[in-house]
Amino acid sequence: MPPSRKQNYATSSLVIGYALCSSLLSVINKLAITHFNYPALLTALQYLTSSLSVYLLGKLRLLRHDPFSLPTAKRFLPAAAVFYLAIFTNTNLLRHANVDTFIVFRSLTPLLVAAADTLLRSQPPPSGLTFLSLLVILAGAVGYVANDSAFTLTAYSWAVGYLVTITTEMVYIKHMVSSLDLNTWGFVLYNNLLSLMIAPVFWFLTGEHTDVLTAVNSNGGNVFDPVAFFAVALSCVFGFLISFFGFAARQAISATTFTVTGVVNKFLTVVINVVIWDKHATPVGLVCLLVTICGGVGYQQSVTVVKKPHTGKVDDELRELSKGDTDA
């Protein structure tokens, strides 16, 4: 087989792998938190799986990551704390709302990121097309909320918390990536390992440790039923896979192709969510959700630019993280 064809197959495999992981991850997390109602413990298990996998694969020389050092960890800790809060609020949002609500609020992040870049980082204001796309996103989100029959104050409180933390994480990660000399897997290792260290704080702050101990005692020492065990294990595996396929796909394809793939993933997530169960929005809500995603298509097209060749150890793709599709 010619080398070019092998390269095409390899690239296609990475894109397909990323698309499947990204499309399924929100639904799998919703399944996991439905059957295992301990968000802090669930996220800790995901961090443990990802950090341990990177460490073991590094020992086997299947990947290379920067060694863990205390000075670097201290510098990275604020970013890891913001990342943990984003994932924690995300998990609690999925705990109290459906996947469609998560996608709507996730799609609102470009609006807040654009405002933060303009107000806090002295970036130029959005272009006409970008501003129009942001208005479409906002209109779709408002329409969705107005027609959400499952609206609860608790769910939308977590949604607002998630929106604030994920926006902060997106803006702050630009500074952190450019100031730390780490490779891709180094960022994955530090992010997950430090988040794992933060997790016990939230076990006690939320009182979840008491709930877990009560469940263990009432079930004769067994927390997991078979369905919960399978869902949690699957979420841990996909949490690690999205790290691999996401970073690998960024490096293998152009920025435009990656962002288009990210938008298509949201459509696939909506379809999968509607097909497999009844935990989704009303028909009118789904239409508003699709309007929001279409606004995201316009936004991605307006901000995607051709990147210069990679010239340093820090991945250029990570510098544009807030413009791409992430799965926090």
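Numbers here mean position along the shown chain, with the first residue as 1.
Every residue, even glycine, has its Cβ placed from backbone N, Cα and C.
Please treat TrEMBL annotations as automatic predictions, because they have not gone through curation.
Since we're looking at a predicted model, the values are computed, not measured.
The domain 'Sugar phosphate transporter' annotation in TrEMBL covers 20-299. Feature annotation from TrEMBL assigns transmembrane segment to 36-56, 76-95, 127-147, 153-173, 185-206, 226-248, 255-276, 282-299.
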Restricting to the domain 'Sugar phosphate transporter' (20-299), what is the model's mean pLDDT?
82
Would you mind listing the long-range same-chain contacts of the transmembrane segment (36-56), meaning Cβ under 8 Å and 6+ residues beyond its ends?
63, 65, 84, 87-88, 91-92, 95, 185, 188-189, 192-193, 195-196, 199-200, 202-203, 206, 208, 211-212, 224, 228, 231-232, 235-237, 239-240, 243
Relative to the transmembrane segment (185-206), which of 76-95, 127-147, 153-173, 282-299 accounts for the most Cβ pairs at distances under 8 Å?
76-95
Residues of the same chain, at least six outside the transmembrane segment (127-147), with any C-beta under 8 angstroms of its C-beta?
100-101, 104-105, 107-108, 110-111, 114, 156, 281-282, 284-285, 287-299, 301-303
